[in-house]
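In what follows, a structure is listed as structure tokens, so that the remarks can point back to it.
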Amino acid sequence: MNLILLGPPGAGKGTQAKLLIKKYRIPQISTGDILRAAVKDMTPMGGKAKSFMDAGALVPDEVVVGIIQERLNLADCSNGFILDGFPRTVAQADALAKVLSGLGRSIDHVISIVVDNEELLERVTGRRTCRNCGKGFHVSFDPPKSSGICDECSGELYQRDDDREDTMRKRLEVYWQQTSPLVEYYKNKSLLRSVEGVGSMEEIQQKIVSILQG
């Protein structure tokens, strides 16, 4: 099963990917993680990516796609994979389709986790992180016993820059600008299924599994 997970920041893609990994025993491929690994291991494409990164430039699509191809060739992807964070644009989706075609494979499902912006803002801006041990809390959904203090180590809790409202609004704006055409792209290929990302982790997981097994 070859699966793409789409969804805005804070929608719970990472959580759902971890649950799907356990259930289907296929790897999650996060572009950020494999890019860093390819650079560290100095794979052919990792070496190319490093030259762009060292120059402070964005790594071009063809290099990112090449790194994904290197990853898909590894044995643990033989029964499928979950792509998280890629593709983000129609051009990337086209490039991915060509790579998969060359491997004799194709995407089976594209799951879009849908959550409205105000819900996402509440989820993300309420996050707090311990400066000392890194444990996460949420002011509404998982508050610490004492305000601003970590339950585990009594460290100070703070709000990461990425979790601030102005930053999150910008991230959402960029996401929707990039991804709206991608949603249409996969809808036109009859691959896209949308799942409401509201409810417990288990409830959302069950909705996704129902689609995958349907």
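Just so you know, glycine gets a Cβ as well, placed from its N, Cα and C.
Remember, predicted model here, so these are calculated numbers, not experimental data.
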Among ranges 30-59, 90-119, whichever one Swiss-Prot labels region 'NMP': 30-59
Identity of the ATP-site residue among Gly199, Gly214 (reference: Gly10, Ala11, Gly12, Lys13, Gly14, Thr15, Arg127, source: Swiss-Prot): Gly199
By Cα-Cα distance, the member of binding-site residues Val59, Cys133, Cys153 nearest Thr15 (ATP binding site): Cys133
Ala11 (ATP binding site): tally of other CB atoms within 10 A of its CB: 24
Same chain, 6+ residues apart, C-beta under 8 Å of the C-beta of Gly12 (ATP binding site), given in sequence order: Ile113, Val115, Gly197, Met201, Ile204
